[in-house]
Amino acid sequence: MADSEVESQSPEPGAAEEALFTPLDIVLFTFIVGLLVYWFLSRQKKEEIPEFKKLASVAPTVRETSFIEKMKKTNRNIVVFYGSQTGTAEEFSNRLAKDAQRYGMRGMSADPEEYDMSELSRLSEIDNSLAVFCVATYGEGDPTDNAQDFYDWLQETDAELEGVNYTVFALGNKTYEHYNAMGKYVDKRLAELGASRIFDLGMGDDDGNLEEDFVSWREQFWPAVCEHFGVEATGEESSIRQYELVLHTDINMNKVYTGELGRLKSFETQKPPFDSKNPFLALVSDNRKLNKGGSRHLMHVELDISSSKIRYDSGDHVAVYPINDASIVNKIGELLGVDLDTAISLNNLDEESNKKHPFPCPTTYRTALTHYLDITNPPRTNVLYELAQYATDPKEQETMRKMASSSPEGKALYHSWVLDSRRNILAILEDMQSLRPPIDHLCELMPRLQARYYSIASSSKVHPNTIHICAVVVEYETKTGRINRGVATNWLKNKVVTDNGHKSTVPMYVRKSQFRLPFKASNPVIMIGPGTGIAPFMGFIQERSWLKEQGKEVGETVLYYGCRYKSEDFLYQEELEEFEKAGVLTQLNVAFSRDQEHKVYVQHLLKKNKEHLWKLIHSENAHIYVCGDARNMARDVQTVFYEIGEEVGGLTRTQAVDYIKKLMTKGRYSGTLLPWGFRRRLEEA
């Protein structure tokens, strides 16, 4: 019977109960129940979403940050942490981790920035475990960028490190006031926290021979490790490859790195923030020669940062990523008989390693040798040792092995044949004619090409959209008659504003510095720097001029500047004289070292004005800034201030030394090297 017919009939006796459950009622009831169920379920989901997000945001990432769990999982018992700014400490760290295999142990190299260093106290959970720290000191006794968090943790922690075995190798330069400060601090602090030092602190000096210091320390370190843990060397001295070569015969070239340091195609689609792994491609807006004569080329380069959101302060450093000379790259390819445009990857044989490749992969041999590898500095002894096996002439193989050894004769040979003669890898391949290693092994062994740092020669108050660089182009003849050229300075020299219709670009980022103007503009400043040491002071003077224009009370601004000849290399002469006329520079003292028979340097001018200088320092809270060669000039300047303290201040030499040291502690006496520093100084010699 149809539903419409039922509804038209009168209800019969006893049909009242059925009326409560008519089909329409059932439909309505089902709909209401459905709504209730839907509401209840949707309410449950809404309550669960925030809880789910919360769980996701605090989910433990043990596998990513726990070096202890990683060591357990991969059966390692030695971890080598590195604090590295120029790549040398990282290189030493990799060598030590690799060494462990020769002693029946397993090591891993680790960046402290990637791990939770508070887990150091758990290292004792691993039998026969050891933590090694290869740490460089940067600037005025500072940790490197990647070791800053570790340094902060050491300062703040009260962790119990009893049962933790450790040793430290420090990298530094003894011409700095705070020689190897970071390494010394790590060594001392770990002992204070109860850790056990199993071998003496190693001291590497880049002013001497850093490689030799490391090799000498390393040769004593491993026997001490063997004795401590009761193990013996396996006697295995053959080359141990860290990476395996993969050739890409059919690959989409859009997926091949062409010089990027991090994200693929990062130079095509730029995204802030910009840092060491993600540099900004700055347009070159000016590039001019500063000196009027002489054989040298001193240049002023301006980089446009207007679209980058990069901010900087006077005294900061700009890091630029240069590329190697194409002629050197091509010659290496020719000597080794390879197609440099072959697409390759070098994959870490240790699948658990955080470092999957030695440089961004996949790429080509040409890109690796051009953008990623340091092929212009003399190679270290470990590179010679590994490459020696490929020399087919027994005499050449013996010579290479000798240079890589720790014997006095071997060290002397390495020093004279490699270092003093400034032989890079190309020169070695040319002079060792039987040496033809596989190019992939060569690429594995070569250290990474590092950024070059320059003091910024401008003030962001005056030039917010540009960063200025002042540098001398390096070019010199070696003892072998070859012409060596500084990688970065020659590359920058050729960065004309427009090149064949294309605008020149420079990959760069800003590194913050402690080299700062006083907080109170009314404090006098005394600036001392020869040659390109003028760079940060151009920024300081511009800023003091800007402050004066804003109506601020600006203290005396005194510059002591040194150059060779007034007619040739008086850098920024017109600008400095204008600042002097305007009263911004209250004193412009220039030492022209070679314009007269007897050489005159900035320290001689300081001595000449000793009474005025002492008044500024002792009575008016002046800040002193020194920029230049730490080995000679900076040391001589410091000695002059000691003498001023004695002669004008009436102090004893001991009191004068303490007085200047206190100024340094208070931040009133600051020094910075012309910032190629460490191994960069070797290149720019």
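Backbone N, Cα and C atoms are what each Cβ position is placed from, and that goes for glycine too.
What TrEMBL says about a protein is an automatic prediction, not a curated fact.
Taken from TrEMBL as is:
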BINDING   84-89, 136-139, 171-180, ASP206  FMN binding site
BINDING   ARG296, THR532, SER593, ARG594, LYS599, VAL600, TYR601, VAL602, GLN603, ASP636  NADP(+) binding site
BINDING   ARG422, ARG452, TYR453, TYR454, SER455, CYS470, ALA471, VAL472, TYR476, GLY486, VAL487, ALA488, THR489  FAD binding site
DOMAIN    78-222  domain 'Flavodoxin-like'
DOMAIN    277-518  domain 'FAD-binding FR-type'
TRANSMEM  20-41  transmembrane segment
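Features as recorded by TrEMBL, highlighted on the structure.
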residue: ALA136; record: FMN binding site; Cβ within 10 Å: 32
residue: ASN173; record: FMN binding site; Cβ within 10 Å: 22
residue: TYR179; record: FMN binding site; Cβ within 10 Å: 17
residue: SER455; record: FAD binding site; Cβ within 10 Å: 29
residue: ALA471; record: FAD binding site; Cβ within 10 Å: 27
residue: TYR476; record: FAD binding site; Cβ within 10 Å: 12
residue: VAL487; record: FAD binding site; Cβ within 10 Å: 24
residue: LYS599; record: NADP(+) binding site; Cβ within 10 Å: 12
residue: TYR601; record: NADP(+) binding site; Cβ within 10 Å: 18
residue: GLN603; record: NADP(+) binding site; Cβ within 10 Å: 24
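Residue counts for the domain 'Flavodoxin-like' (78-222) under DSSP, helix first, then strand, then coil, are 65 helix, 35 strand, 45 coil. For the binding-site residues SER84, THR489, SER593, counting C-beta atoms within 10 A of each C-beta gives the highest total at THR489. Look at the binding-site residues ARG296, ARG422 and count other Cβ atoms within 10 Å of each Cβ; ARG296 has the fewest.
When the binding-site residues GLY87, GLY139 are compared by the number of other CB atoms within 10 angstroms of each CB, GLY87 has the fewest. Each residue contributes its Cα atom, and for TYR476 (FAD binding site) and ARG296 (NADP(+) binding site) those atoms are 10 Å apart. If you measure from the Cα atom of GLY139 (FMN binding site) to that of TYR453 (FAD binding site), you get 12 Å.
Calculated from their C-alpha atoms, the gap between ASN173 (FMN binding site) and TYR453 (FAD binding site) amounts to 17 Å. For GLN603 (NADP(+) binding site), the nearest neighbour among the listed binding-site residues (TYR176, ARG422, TYR453, SER455), judged by C-alpha distance, is TYR176. The record assigns ARG422, ARG452, TYR453, TYR454, SER455, CYS470, ALA471, VAL472, TYR476, GLY486, VAL487, ALA488, THR489 to the FAD binding site, and the maximum Cα to Cα distance across that set is 26 Å. Here NADP(+) is bound by ARG296, THR532, SER593, ARG594, LYS599, VAL600, TYR601, VAL602, GLN603, ASP636 per the record. The longest Cα to Cα distance in that group is 25 Å.
Reported as a whole number, the C-alpha separation between ALA471 (FAD binding site) and GLY87 (FMN binding site) equals 22 Å. Counted within 10 Å of its Cβ, the other Cβ atoms near TYR176 (FMN binding site) come to 22, all protein chains included.
With ALA136 (FMN binding site) as the anchor, the candidate binding-site residues are ARG296, ARG422, TYR453, THR489, LYS599, and the one with the nearest CA is TYR453.
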